[in-house]
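Following: one structure in structure tokens, then a few remarks.
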Amino acid sequence: MASGILLNVKEEVTCPICLELLTEPLSLHCGHSFCQACITANHKKSMLYKEGERSCPVCRISYQPENIQPNRHVANIVEKLREVKLSPEEGQKVDHCARHGEKLLLFCQEDSKVICWLCERSQEHRGHHTFLMEEVAQEYHVKLQTALEMLRQKQQEAEKLEADIREEKASWKIQIDYDKTNVSADFEQLREILDWEESNELQNLEKEEEDILKSLTKSETEMVQQTQYMRELISELEHRLQGSMMDLLQGVDGIIKRIENMTLKKPKTFHKNQRRVFRAPDLKGMLDMFRELTDARRYWVDVTLAPNNISHAVIAEDKRQVSSRNPQIMYQAPGTLFTFPSLTNFNYCTGVLGSQSITSGKHYWEVDVSKKSAWILGVCAGFQSDAMYNIEQNENYQPKYGYWVIGLQEGVKYSVFQDGSSHTPFAPFIVPLSVIICPDRVGVFVDYEACTVSFFNITNHGFLIYKFSQCSFSKPVFPYLNPRKCTVPMTLCSPSS
């Protein structure tokens, strides 16, 4: 019953023009009330089409603007009704129109709202396409179900994107932390090099000081002895001159001859302008070298060795280590997969290739040569039978035969093998290399497109040992290791070592 009374009250305070609860209600002298905006718009419309005649939109009774009065009583009722409409009890009545109290049976397609029949007739929905809810519910249920599936798919994509960005974030964090570690390590190496250079230079200066001062001290002693001899001789002559005639003449010719033949011994001196001038290390060159090695190590590949039927090498089971053996020994070495017997009338060869061929790109690997007195390493364009007969005599280790290698012999002689002259095409030009610190580990970097092969002394802070330029890579090349006749093995280092 209370709801019915409430609906009746709402009808009394509903604007006849907009069918909404009155807003700033104004009343005419005929008793009808309207929203201020609605009656003002109606007044303007009447002035435009009816030659200034103003009439009530409900009863058509004429009125004058001065007769319009604000209706505060109705405004208070509307305010109370709005509070009642927003109460929890009213809000729970979802099947009735909040404005008109009628059942919500229609769906407005343009506004996508559920409305009552009074809403359909209002100015807000006038001319819109409306349908019974039962007519469109199934259609929109299918559309919503499709939208839900689409949304779930997009949610999965969003979750994957979220996971991907988190993974990328973590990857970048790891990479930058790794780069920070490398930068710190590189500069620590630079500091070690500078400390070593300083210590070495100070030792050289101390040695120079010791040698010079020792020589000058010896010269000083000789000069003191010479001066003392002069004093004694002068004293003897003064004594003769002051003594008797006998003293004067006794042995006088010998003394005069001794004085005339006397030559002053001059001390050994050292010219300061001929000294070795100290020059600070080329820090820019060092940084460039470190950057080159750091860049090369980004292309570290996991190289393993490939057996062949022409090498007298022993390859370990993990295919990372190779050593030479006496060609007369014919048994299987423990822990090895491959051994090769001596071949009649065939020179003793211990070279082996890596399994991985290089046809493009950049490739880097490191070889442990510690405690070896002889070795050869680098890259090779593949074994050629006609080039193997004199290989152990170094006659074919030339770039023109597909070998870009450096080597060690007799424990201290480092060399690079270059092409021989036209007069001796089978004899390589062996160039000695200046290596201050003997490498226990050598890095090899191949840039196929740039046609270069570089060798780094990892033991000595990665200093460049030698670099081949303008290499003629006309076919695939392979890592090449040759332990020679030194039985100590050569070992390919893993990228994680």
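The backbone N, Cα and C atoms fix where each Cβ goes, glycine too.
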(request) Out of 92-133, 302-343, 386-427, let me know the one Swiss-Prot marks zinc finger. (result) 92-133
(message) According to Swiss-Prot, region 'Required for interaction with GABARAP and for autophagy' applies to one of these ranges: 173-186, 187-200, 229-242, 285-298. Which one is it?
(response) 187-200
(message) So, three-state DSSP: helix, strand or coil for HIS100 (Zn(2+) binding site)?
(response) coil
(request) Pick out which of the binding-site residues CYS97, CYS119 has the most other Cβ atoms within 10 Å of its own Cβ. (result) CYS119
(message) At a 10 Å cut-off from the C-beta of HIS125 (Zn(2+) binding site), count the other C-beta atoms across all protein chains.
(response) 18
(request) Kindly assign CYS119 (Zn(2+) binding site) to one of the three DSSP-derived states: helix, strand or coil. (result) helix
(message) For the Zn(2+) site (CYS97, HIS100, CYS119, HIS125), what does the 8 A shell look like? I mean other same-chain residues with CB within 8 A of the CB centroid.
(response) LEU19, ARG99, GLU102, ILE115, CYS116, TRP117, LEU118, GLU120, ARG121, SER122
(message) Validating a neighbour-count step here. Other CB atoms within 10 A of the CB of HIS100 (Zn(2+) binding site): how many?
(response) 21
